[in-house]
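Q: Got a structure here, written out as structure tokens. Questions coming.
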Amino acid sequence: MIYEGKAITVKALESGIVELKFDLKGESVNKFNRLTLNELRQAVDAIKADASVKGVIVSSGKDVFIVGADITEFVDNFKLPEAELVAGNLEANRIFSDFEDLEVPTVAAINGIALGGGLEMCLAADYRIMSSSAKIGLPEVKLGIYPGFGGTVRLPRLIGSDNAIEWIAAGKENRAEDALKVGAVDAVVAPELLQAGALDLIKRAISGELDHKAKRQPKLEKLKLNAIEQMMAFETAKGFVAGQAGPNYPAPVEAIKTIQKAANFGRDKALEVEAAGFAKLARTSVAESLIGLFLNDQELKRKAKAHDEIAHDVKQAAVLGAGIMGGGIAYQSAVKGTPILMKDIREEAIQLGLNEASKLLGKRVEKGRLTPAKMAEALNAIRPTLSYGDFGNVDIVVEAVVENPKVKQAVLAEVEGQVKEDAILASNTSTISINLLAKALKRPENFVGMHFFNPVHMMPLVEVIRGEKSSEVAVATTVAYAKKMGKNPIVVNDCPGFLVNRVLFPYFGGFAKLVSAGVDFVRIDKVMEKFGWPMGPAYLMDVVGIDTGHHGRDVMAEGFPDRMKDDRRSAVDALYEANRLGQKNGKGFYAYETDKRGKPKKVADASVLDVLKPVIFEQREVSDEDIINWMMVPLCLETVRCLEDGIVETAAEADMGLVYGIGFPPFRGGALRYIDSIGVAEFVALADKYADLGPLYHATAKLREMAKNGQRFFN
């Protein structure tokens, strides 16, 4: 054994060939934490000092290669002064460069996944051989940063600037055949042949059949582009990527600028350019928010996994109520491998549900994400029925009938008599109390809420609602089923609107106040879209449905009359009474035409102004900043109340619920991280500034206490 650590070993294989193996003890995956980096330094030095070494194979002792840097450790570094951060990055990069500069040839044998620093380690090797089932990529832009271990330097010099820009700016994982096509790897083999293939490559390099020094040389030199080629490649790419990423996500464009700045330098000087740009990005609020989201997502996954121990396995599911929603749920279950019964009382609803599932599956086939055989398999896993005949073997039933408590109670009571005693019943409701619905059941302990967001196939969140009598097994089984469907479940306690809608309606309340104050709804939409929302509140209300919003507002007003009840008529009342229901009937705040792809296209409609005129009570001067605060303060305060009331257990879950459920701007991190970014004391002062607008703008006593004590939601 040449070197032995807790994350890395270096041992002799044969004829002067050694294997540098990553195998982090006590972890299921390899990652670059401080321990691994320190051991890599020692391992490289040990190889360098051993004259018997003729070649090095880099491998992994786990099912994946290396998943990247351990962000939980490195995030603290991002708060260091910029100069210290640059120095730390350059020190880490010296390790990779020293490995790259070894006198002997090196081969990286990539199994599983090599992401971020994992791929950057491979790029420092002379040759890369990849398992056909492996994937590689540089996903750092998704965290608001860019590759910092030489990725912006080595990748463009290996595969060309155009390909490298595409890989780095998109941040996606790339399959083996795509990696081979662009030259990111030198060979692709079946997983079982990876070790033999790596040995063959290294032997050919040792024998001189392959010239490893010549292979290495382009990575050490400047980019092979003349001035005109550089200008065309980089300026075009910056414009295109800026358009794709938008102004709130600077990392992809900064990555291109860094590649451009370093293009005329050799490796070492280029790495200095990379480190300087990386340090600037790492200290931005966008990086802080996106890294916070990543850590929150990890916490969500841990919490969801904790339910696995007591969850029952769902082998057969059922959905009550077909149509678009039922068809979407059936599709999601079937495509992820759980067969599902789809029941309705009307044949036409069944057909609508089947058409929806078939359409969604067909789109996946068109995009190459599903084979026709797999589509047929998924369709066969959806069994339409007008009766309860096959419900005896069902493990979970998702009720998705009309949003009416009496109808839901009747349907739930009926199905309870048709399923086995330990079957879970879950209501897909957006606003109706789970405790209220449970009153109709003989076994309320087997009942929970399971709130899917529309469209089901696109929205990642599922709220699993725990009622007063819901058992932990019922909650755990529903969480496990949601995960199996490919969703991100968050467990919340019962209250009107649960988490997401309870928080969304105060946001709509702020919008209603703005319209009543004479502010143009088109202007409000533009301001909030610029703030980072995927669509403004008027457009969102049209998409949700004015009737749905009207009903939801009434439910919330009944549940929280102290702050959500407003006796004045609002814009939503006016549109609802005028039968302008949004996209569903072609007119809401906007009018809708069908575009070439058959999708609704928003257009201005002057006639809506006459409809809104009676609900405009004043003409108030309101700045863009005021518009943001009228909307965001009540949303943030209601999120705080949900946390204080125990509706949601952690700040991480609250923020992720809003990002996944209503499209809260990810680069702002969620409502509670947004408060942190302003400062809790400053946010309380902001709320006080708008306190005359009503109780929705009144900070809670606990929040005031946090402000007084200098506390944050995230530390």
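Using the three backbone atoms N, Cα and C, a Cβ is placed for every residue, glycine included.
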Q: Taking Swiss-Prot at its word that Met325, Asp344, Val401, Val402, Glu403, Lys408, Asn454 bind NAD(+), choose the one of Ser285, Ser289, Ser430 listed for that site.
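A: The record-listed residue among the candidates is Ser430.
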Q: Output the one of Asn454, Asn501 that, of all these binding-site residues, has the highest number of other Cβ atoms within 10 Å of its Cβ.
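A: Of Asn454, Asn501, the one with the most crowded Cβ is Asn501.
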Q: Which of the three DSSP-derived classes (helix, strand, coil) applies to Asn454 (NAD(+) binding site)?
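A: Asn454 (NAD(+) binding site) sits in coil per DSSP, no helix or strand.
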Q: What recorded positions in the list Glu120, Asp344, Glu403 lie within 10 angstroms of Asn501 (substrate binding site), counting C-alpha atoms?
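A: Within 10 Å of Asn501 (substrate binding site): none of them.
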Q: Give the helix, strand or coil assignment DSSP yields for Glu403 (NAD(+) binding site).
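A: Once the DSSP labels are grouped into three classes, Glu403 (NAD(+) binding site) ends up as coil.
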Q: My understanding is the cutoff is Cβ-Cβ under 8 Å with a sequence separation of 6 or more in the same chain; which residues meet that for Ser430 (NAD(+) binding site)?
A: Glu403, His451, Gly497, Phe498, Asn501, Gly552
Q: Let me make sure I understand the structure: which of the binding-site residues listed (Met325, Val401, Val402) has the fewest other Cβ atoms within 10 A of its Cβ?
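A: Comparing Cβ neighbours within 10 Å for the binding-site residues Met325, Val401, Val402, Val402 has the fewest.
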Q: On a C-alpha basis, identify the one among Val401, Val402, Asn454, Tyr660 that is nearest to Glu140 (site 'Important for catalytic activity'); the candidates are the binding-site residues.
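A: Closest by Cα distance to Glu140 (site 'Important for catalytic activity') among the binding-site residues Val401, Val402, Asn454, Tyr660: Tyr660.
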